[in-house]
Amino acid sequence: MGDRNSSDNAVDRDCYDDDDNHDDKIDDDGGDDDNGKVVLDFLDDATNEMTLGRRIALCLMNQSKTYDFATVADESIEIEDAPDVAVKKDTAGTSEDNVFMDGSSFDKETTHYDDKKPDLRRGWAYFEHAALYRYRDESIVGNHGKKKKKTKKNYELAVAGEHTVPTKLYSPFWTPHKQLGNFGLGIGLYFSTLRAMIVTTLLCGLLSLYNIIYFASDEYDSAPKVKSLFLWGSAICSSTTWVPCPTCQCLTITKGYTKFGYFPPDRCAYGNDNEELIFVVRNDCDGTAWQLAATNFGVVVFMLIAIMFIGWHLRREEKEFSKNHLTAQNYSIQITDPPHDAKDPEEWQRYFNEKCDGVQVTVCTCAVHNDLLVQTLVERRERIRYIQAIQPDISLDLIDLARISAEIWRERGFLQRLVSKISPGIPEHFSRLALLNMKVEGLSQLEYPVTNVFVTFETEKDQQHVLEMLMVGTKRAKKNNPTVLSDPKYLFRGEHVLAICEPMAPSDIRWTALNAGRAQRVKELLITTFITLFLIFLTAFLVYFAFSNGKDKKYNNTTKVFGSAVIISICNQSFPLFAKLLTNSVESHPSESSKQGSLYYKIALFRWMNSTVVFLMITPFTQTLTDDTSGDGLIPKMKALFITNMVISTTLALTDLGGHFRRHIMAPRKKTQDAMNICFQGSTYELAERYSDMTMILFMALFYCSIFPAAFFLCAINLTLKYVVDKFNLLRTWKIAPHIGSKVSKFSRLYFFPMAVVIMAILCSYFWSSFPFDDICSTEVVDENYIGEFELTPFDKETGSYYLDANETKLIVTSAANDPLYSFCNQDFMAPSTLGGFSFPFAGTTQNKIIDPDSYMTPEQLISTTYFGWSAFAILILGIVKIVWTFFHHWKRNMYGRYEAPLRDFQGIPYSALEKKSGYVPKANSDVFAYPLIACKVRGLNAALFDFTDSRRSHKFYDLTLDVEKLLSRSAMSSKEEDDLLVPGFSVVKYWSASSEEK
């Protein structure tokens, strides 16, 4: 082994070195910290407080030696032989990196915790105490575990890894709905939206009972009813008659299945083996009664009113959630265009104190444009972790690594060299690590401009006062015109008009992409949108291909319906994974909310098109009302999609196969505790995916509610399952996510819901104008060629015809002299526009060269569709105006607007009095670290500013500035700011106490 004390060759010491002074150090005397609080042992959790998975794992560890491949950490080693976590002792002889989850420490003179010996028990403890949400259990206090008198639970959210106060897991069943906002405003509003939509769709279903009962009656359809419970009360028409239609044109399966002006093979036949005697199917169900359209129109109006009420309700919920959960966001402002050299927090503190009536600044973060440096440092740490994962006891001295890498290179054969191209080994990681070291040395010497400043005040009133005085809008601030300010004294440095706004929540910010420009983000969004549209067309082709192949007799009708539905459901469930990969690799988003908004847009677009429009496009118009036994009907396809989505999504969510695989299979085989803990982080979820899943189900119900009114009940059932399952996953399997704001919720209620109601009105008017969906009209008395009895033969002998094959014997049709003769007449208002067929609004008064409503509509239908069609047109205009006005209002407010009073009421709690401050501290996430890496100097900061607590290490372990200081320790430049908190190339964060004394 090389010299472990050599600063020239050490790779790991800069990552793990400690400092003599630290704020969150834990004393080794008696298991108490420096504030006298008991440090809890997570391994001593009561069995009834554990998750079922943890109890099973502990049982398997005791019963089976093959389950736990990891070795329990029961040995000690000398500090010189502990390259991963060897640290410098403080004056008391303790080290904060020697603190374990149980609060104990090894002999402080010669021993050290061996992080290379993983303990599966600690992994499960990490899962429950750091990866899942917990609340502070104030019923147990003191050092002796005495219980307080029972009081009402307040469910105060505990910091991840809290080890000084007893905590409990939230119950997935009994946690009150109002507490869901503790996990982020976006999460709380998501569940509030779900609950509101469950009630709304249930009421819509009840309002549609008249249509449901009518469609199920003999008055509508005298034929025997379909057997499926889920299709009861739909507009499926089983009463049909074969009628002569000499001018009709029919398709064979070889010519395609959908073509304007042609009838599909199922609905075409010829008589007495004479191909010139054409017969087609006529629908005998009467869906033209004005009461049906009127009832459906009432549901549309109710939905329109309900959406407005839901908007008001969600704003109220947002206010309640904000009131119950104060964060640094409630006390802070963001300056988006500071002078590039304004890196001194003291200067900002003096400016606000002197210019803004003595407001008190508590924290100031000067963020610089160092994205590339931080990303390089993160990758450097990851490479070190990869090396340790391959060989935990390896020396990380540069000379030792070079020698080991050379030995491995020399011993490799052809196959090993080939495998290393796919799965890098120690030599590949070492080569990249050496390059990253040089890259860091170069990048850290550059000057980085300040691009954003976050200022946190002591009170909420101070924040509001500053926003009222200085917020002028981005456009006005860019012009730097002093006249936009009420007083010239507000000019920063006497010459700068600052662009000030309310910031995002600290955990919402993506610090490594905070400086991405607007033009760059638009370009990236266009690229990913194009890819999404291509995948939509590809999926539609696959569904059509599967469905058209199902025309072969060897496929039964149920198979082809559910087969296409399963393809769509699988695509809907798998596309979010691709969308996340696409978004993370191509797009740059300054905030998690912005990223979720982009994901929501792509996933929702894919799912809406896949689940509604695709089936409408591939189903022949005349098959819209066909029953489920034929396999071609539109309504059975939607029923199958509802069922498969409900079963597949619920099953996948509840089983959490990926999470169980990582915890029970991968974790026991990891070689270090940190690598094991990564397997226990929980399943990652995206709020955008949850919203898009909810809106997809709602959109399906609204899209087809006129011909499938029972879909409202299926929608309510789906959403109820989603509420229960998502709440369970949130509290038992999902990884703790950043506290996302209300952006996605606002997008839904301001844009999606109005758009959904508009589309609902348009599609309802379309379906009512299309009855009876058979594309034939009576023209004259039957001619002599069609008088008599005819034995019908399928037009396409290869595929046959359901309507004929359903009879055991050949179907005989009789035509009398006075029977009408039929001809093709277009009933589809959305016929191909290339033929001049698309006509809007879908009203009885609308005509063009290929559609004449008077030729097939009843008098009642003409009146009802006229009113419905033009009402839908009016709703469309109102929806467009509303969406455009909303977009313009927000754009104008951001560009030119002034501050608007918040929804919340002031709580009167000073920021310094908050127990969980979670300030604006730059950080970067990594898949190989259990906690985020910190991209600023940790020294001098209050530990409460961080939104995590690692009970095994201090926050300094995650300080990336220490890496740079170590790498630059051989040069003179590292001493330029030796007495300062500034580190070359990094953002600066400074904290002041309430008494204005520096911490």
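Indices start at 1 and increase along the chain as displayed.
A Cβ is built for glycine as well, from the same backbone N, Cα and C atoms used for every other residue.
What TrEMBL lists as compositional bias 'Basic and acidic residues' is 1-14.
According to TrEMBL, the feature region 'Disordered' maps to 1-31.
The compositional bias 'Acidic residues' annotation in TrEMBL covers 15-31.
Positions annotated as transmembrane segment by TrEMBL: 196-216 (among others).
Using a Cβ-Cβ cut-off under 8 Å and counting only residues 6 or more beyond its ends in the same chain, the transmembrane segment (289-314) has close neighbours at 189, 192-193, 196-197, 200, 203-204, 207-208, 210-211, 214, 702, 705-706, 709, 745, 749-750, 753-754, 757, 760-761, 764, 768, 860-861, 863-865, 867-868, 871, 875. Annotation source TrEMBL lists transmembrane segment at 289-314 (among others).
Same-chain neighbours of the transmembrane segment (525-547): 560, 563-564, 567-568, 571, 575, 578-579, 582-583, 586-587, 598, 602, 605-606, 609-610, 614-615, 617-618, counting only residues six or more beyond its ends whose CB sits under 8 Å from a CB of the stretch. What TrEMBL lists as transmembrane segment is 525-547 (among others).
Taking Cβ pairs closer than 8 Å, the transmembrane segment (599-618) reaches residues 257-258, 528-529, 532, 535-536, 539-540, 543-544, 547, 564, 568, 571-572, 575-576, 579-580, 582-583, 634, 637-638, 641, 645, 686-689, 691-693, 695-696, 699-700, 703-704, 744, 747, 752 in its own chain, all 6 or more past its ends. What TrEMBL records for 599-618 (among others) is transmembrane segment.
Residues annotated as transmembrane segment in TrEMBL: 697-725 (among others).
According to TrEMBL, the transmembrane segment annotation covers 750-768 (among others). Note on the transmembrane segment (750-768): residues 287, 292-293, 296-297, 300, 303-304, 307, 310-311, 604, 624, 695, 698-699, 702-707, 829-830, 840-843, 861, 864-865, 868-869, 871-872, 875-876, 879-880, 882-883, 886-887 of its chain, located 6 or more positions outside it, place their CB under 8 angstroms from a CB of the stretch.
According to TrEMBL, the feature transmembrane segment maps to 867-888 (among others). Non-local neighbours of the transmembrane segment (867-888) in the same chain are 293, 296-297, 300, 304, 750-751, 754-755, 757-758, 761-762, 764-765, 768-769, 840-846; each lies 6+ residues outside the stretch with a CB under 8 Å from one of its CB atoms.
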